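If you check TrEMBL, you get these features:
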COMPBIAS  23-57  compositional bias 'Low complexity'
COMPBIAS  82-95  compositional bias 'Basic and acidic residues'
DOMAIN    105-227  domain 'AMIN-like'
REGION    23-101  region 'Disordered'
SIGNAL    1-20  signal peptide
Amino acid sequence: MKRMNRISIAAGLAMPLLLASCASTSSPSESVSAEPTPAASAAPNPTPTTENTISSPEPAPGSATPAPSVERPGSPPGPDTFSDKDLEQKPEAPKDNPGSVISWQIAKHPDFTRLVVTFSGDNGKALGYTTKSVKEAFEMGRGEEIKGDFGKILIDLNISHTDYPTSEKELEAYNDIPKQGKIEGVWVYFDGFYEGNTHLVINTTTPRQYRVFTLDSPARVVMDIDHPITAATNTK
């Protein structure tokens, strides 16, 4: 299957959906700055958000020390517990169609950075997902290595039971999805859709704890990535 590679930001779709539909208890202080690849045209937004540039440190030598789970009561939506454990969630409503991926956004909140992946359908419970902490990540289909901006601390996020864009509106939205973007300490790479799966890779400056959950209307997968202040005990 030929992957659609045109990269741009859907200016009217990104942050209003993120802030209105998936807000935490406090408003985000920063939003994503997407990075078009050289082969694609620049993003249409004439005044992109200023990006905090962070150098790319290599992980410190030594084995990892598991960090305790961090509970955040009062920070809905989503579970209160952050963890560095790999996750697997099968679709709770596999007979429903969650649609095709139409956007993703990241925004910085006081205690975490939130990644939201949005689909054209309504039922988020029709989506499944797996996460895995890795040092190497690869594109679906071609198998090319995905190299993060901040070294080899990677979280592989695979969203299952997703659909191929079929309508003109879905196809246009898919083609406008940015390939990559970063916010302070978090870099995201959108690998796209392949054989029912939507794949993203998250690269961080230090190992982080996180939580993942789904939301409805529209269907979304949300990943909250803990800030280093509570994840710093888990070093590599």
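Just so it is clear, glycine is given a Cβ too, placed from its N, Cα and C backbone atoms.
Predicted, not measured: the structure shown is a model, and the values here were computed from it.
Broken down with DSSP, the compositional bias 'Basic and acidic residues' (82-95) shows 0 helix, 5 strand, 9 coil. Regional average pLDDT for the domain 'AMIN-like' (105-227) in the model is 96. Helix, strand and coil content of the domain 'AMIN-like' (105-227), in residues and according to DSSP, is 11 helix, 66 strand, 46 coil.
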